[in-house]
Amino acid sequence: MGYEPQKDFGTPASRSEKTITLTIDGEKINVPEGTSVMRAAAEMDTHIPKLCATDNIKSFGSCRLCLVEIDDVRGTPASCTTPVANGMAVHTQTPKLQKLRKGVMELYISDHPLDCLTCSANNDCELQDEAAAVGLRDVRYGYEGENHLGLETDSSNPYFDFDPSKCIACSRCVRACDEVQGTYALTIEGRGFGSMVSAGTPIDDFMSSECVSCGACVQACPTATLQEKSVKEIGLPDKSVITTCAYCGVGCTFRAEMRGEQLVRMVPWKDGKANRGHSCVKGRFAWGYANHKERILNPMIRESIDQPWREVSWEEAFSHAASEIQRIQEKYGTRSVGGITSSRCTNEETFLVQKLIRAGFHNNNVDTCARVCHSPTGYGLKTTFGTSAGTQDFDSVEQSDVMLVIGANPTDAHPVFASRMKKRLREGAKLIVIDPRRIDLVRMPHVEAAHHLPLQPGTNVAVLTSLAHVIVTEGLVDEAFIRERCDWDEYQDWARFVSDESHSPEHLEAITKVPAEELRRAARLYATGGKSAIYYGLGVTEHSQGSSTVMAIANLAMATGNIGRPGVGVNPLRGQNNVQGACDMGSFPHELSGYRHVSDRATRKLFEDDWGVTLDPEPGLRIPNMLDAAVDGEFKALYVQGEDILQSDPNTKHVAAGLEAMECVIVHDLFLNETANYAHIFLPGSTFLEKDGTFTNAERRIQLVRKVMEPMNGLQDWEVTQELARAMGLDWNYAHPSQIMDEVARLTPTFAGVSFDRLGELGSIQWPANDATPDGTPVMHETGFVRGKGKFVVTDYVPTDEKTGPRFPLLLTTGRILSQYNVGAQTRRTENSRWHEEDILEMHPSDAENRGLKTGDWTNLASRSGETTLRLLVTDRVAPGVVYTTFHHPATQANVVTTEFSDWATNCPEYKVTAVQISPSNGPSDWQEDYEAHSERARRIEIPESAE
Amino acid sequence: MNSRDNLIYMANQIARNFATLDDAAAANAIAAHIVKYWDPRMRVKIIDSLEQNESKLLPVSRNAVAVLRDTHQSDAP
């Protein structure tokens, strides 16, 4: 389609179900009560000039351009702040209005540079458009008077400029920062003529301010005052394509605005049901990695990892990979090979990889990066509710009265959804935070948690059982809900268990470090505060009792009846863009798509008939099991699509040993990642901009990913897997990913109603989608649990075996930061690194003082697994005895110190609890030096003789 | 820890999370979990540990692996 900005209705839509009838310029229209006159006019494509109004923030009524005349109403009210009324007769174009608007516009233009032809917003400027709309032809006041034209541009932000000389002080940027993003970084300094948009304090520029670069202000700006640098460099887009972000599990949809095949900017799509027109610094701006100079575009092979890479043709790469897999299987057995699917790739690509393993490798040795993040969610929610997924849509938060956030840091890891949470909290909802760290949500502008329970890492189950103890013993359960919806006998067993005095907050306080009375108050609020919703992240799952914690959360929700309607529920905040989808597609070694066990004969037959092969009825190896088996000499080849297990998985030395023991490691990725240092075949990957497919976000929402440019490497990732399969003798002939989704739908009951055509028609679909729910299912378990009766599971607290002691007296917990994403492969190759150039260790002042350390010092971080060095930040965000860092940078390799302890049910690593010691350091650890040398050697690419 | 010790650790860890069940129920639950999630080679190794009278296996884990062994044998062709 050609380029057109998305229509702006001027003010937000009203959700009233009551209809108002009015006439605008003589034409009758029906709109919901509460709609503004401006929006009603826009609904019938009647444009009322405006400057300070835009439809994702509340009306403001300051620009005085949108005036209208209304029969029997005095004066000329602003249409943006005037709600419709029955029988109202509005006139949008009269000589009086024309004169008034022209006069207002004349004043604006008298203090605005007349550089339209050279302005970066030329033809995309609302001021320009409205000046034309009101018929402004000259400015009677001249341009010589006092003005703002000489003000300097603030170019400090890497992604956009702020040119105050073009500012009309409409406050749209300030209000967007407040209302949409909720950061309150911007303000209007001064009064009257001196009014100026300011980021932070007068001494701040955008970069040094609290601005989080979400882009909401840039999107809101009606002039070129806040403008993307990319637009200045490339020019305005000439077309746009709707696609889905490839960063976190929120799944924002964007308009990829293009000029030819060049991406100019990503603009959040207002009709996106996950993001509702908002974005974060990653999705909005951090796409530069797509054409980064380090991208590998040609396939490469080598005989051993001490050799340099040699570029080869695709044909040679596929043929070599297939022959290696076949050779290894002949020598070591069918189950000696496997693969890993990616939570960053599309559903279709993921489905093909697991199909290749099951139908081509003839075993179930397929796993996915969800193993190391949300596999306990799959186990826990399937056990208790019957479905391995969250229960709500994101819109549900708008009806929540209480939010319980445990083990999640939404403002950093899921920022767009965090903005919606903050909005609801500003409206009066109450917040409980359970986290060892004082995350931003605990206290930030206009948001303050009612209760923060700063628990000792590793005691989630104890804290949740204490909450249950209070709810049960104080009679706060929803017995009617439990009797109707859950297994009553199991509930009684559970209630007896949690009621035991040994589970009281007072008894467990010594273990959890959570003040008992505070915990009791939090429990009462969750149980009695109205609609209560639980949001959780990897601080729940990445523990030795990750699955138990998920089940304990489910128990709480069932006990209080907080399941099965908007505003409540159990909501895992998924880390990567397609974690949910990768799991749905059958990436786990024990399950086919739709979470059906491989031992189920009927399910297997369905696939066997469709695929024409016999499937292995036994579960395969999980990632940690693959690595163990490799060290034992029983697992010899691995195909890894879009995951960097060396950097992301725990106990890096063990991962390296496992990879080094294999005879064929095939890495399929954009870059020579850390895992590729141990690879023998490299298959270049394509970015989300270069492929068609679908992602499924944290709310089970399936959304289209649309190709906006040709893959620089020549093939989309699904095509690479298909060619590898064909080289192995499989007769695959998919012509488009839509055909793969058709196969998924054919074989997977929860996806039966999903197709690319339906997705195009509806915009998105939340599974399950089938004959019963053809448009999808926003809220699950509304009338009954998928498994029948909800299952209460007794979750006994079992302390982790990772103990502190004299050698390692501190507990390390890890997490993410806003500007970086996962192992940083994408974001480190963008300007986002300006905000986070290295991993930093956070330590409480008392622990730092005891060690003679101060902010900025290099420190040695050591555990029984290994050691690394990184710089220190002294902060009381962490409790005494706890330290925290991120894992975004390979130079740090935080996972050198994490251990092989894992969740009892799923083997999800226990990233969040590692006993460590911190000491002063003068330089990199031996491991870091050795690894850097190895990495440099392993990344050599042989230059063909003809090129020399 | 080597892979055999690791499997014993994993079995014991599962056992500790079923500690609120009575012994027979726990053994069955642990065995069912292992059948559902462990690769056959891992199951053979843990059964082998039982055969070798591995002392690191908790009593309830031993019972579970015995259930597993008996099931394994009855399933054998």
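The backbone N, Cα and C atoms fix where each Cβ goes, and this holds for glycine too.
Curation plays no part in TrEMBL annotations; they are all automatic predictions.
Straight from TrEMBL, the features:
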- A:931-948: compositional bias 'Basic and acidic residues' (COMPBIAS)
- A:18-96: domain '2Fe-2S ferredoxin-type' (DOMAIN)
- A:96-135: domain '4Fe-4S His(Cys)3-ligated-type' (DOMAIN)
- A:158-189: domain '4Fe-4S ferredoxin-type' (DOMAIN)
- A:200-231: domain '4Fe-4S ferredoxin-type' (DOMAIN)
- A:238-294: domain '4Fe-4S Mo/W bis-MGD-type' (DOMAIN)
- A:919-948: region 'Disordered' (REGION)
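Tertiary neighbourhood of the domain '4Fe-4S ferredoxin-type' (A:200-231): same-chain residues 51, 54, 56-57, 112, 119-121, 125-127, 154-164, 166-168, 170, 172-177, 180-181, 183-186, 189, 237, 263-265, 267-268, 277-281, 284-285, 415-416, 419, 818-819, 834, selected by CB-CB distance under 8 Å and a gap of 6+ residues from either end.
Cβ atoms under 8 Å from those of the region 'Disordered' (A:919-948) belong to residues 300, 305-306, 308-311, 653, 672, 674, 676-678, 851-853, 857-860, 862, 866-869, 890-891, 893, 896 of the same chain, restricted to positions at least 6 beyond its ends. The helix, strand and coil residue counts that DSSP assigns across the domain '4Fe-4S ferredoxin-type' (A:158-189) are 13 helix, 7 strand, 12 coil. Panel annotation: around the domain '4Fe-4S ferredoxin-type' (A:158-189), residues 51-52, 54, 56-58, 60, 62-63, 108, 112-113, 119, 127, 148-152, 195-200, 202, 206-207, 209-230, 232, 277-278, 281, 284-285, 418-419, 422-423, 426, 445-447, 831, 834 of the same chain, lying at least six beyond its termini, place a Cβ under 8 Å from a Cβ of the stretch. DSSP states for the domain '4Fe-4S ferredoxin-type' (A:200-231), grouped as helix (H, G, I), strand (E, B) and coil, give 8 helix, 3 strand, 21 coil. DSSP labels the residues of the region 'Disordered' (A:919-948) in these numbers: 16 helix, 3 strand, 11 coil. When pLDDT values are averaged over the domain '2Fe-2S ferredoxin-type' (A:18-96), the model yields 97. Across the domain '2Fe-2S ferredoxin-type' (A:18-96), DSSP assigns 9 helix, 21 strand, 49 coil.
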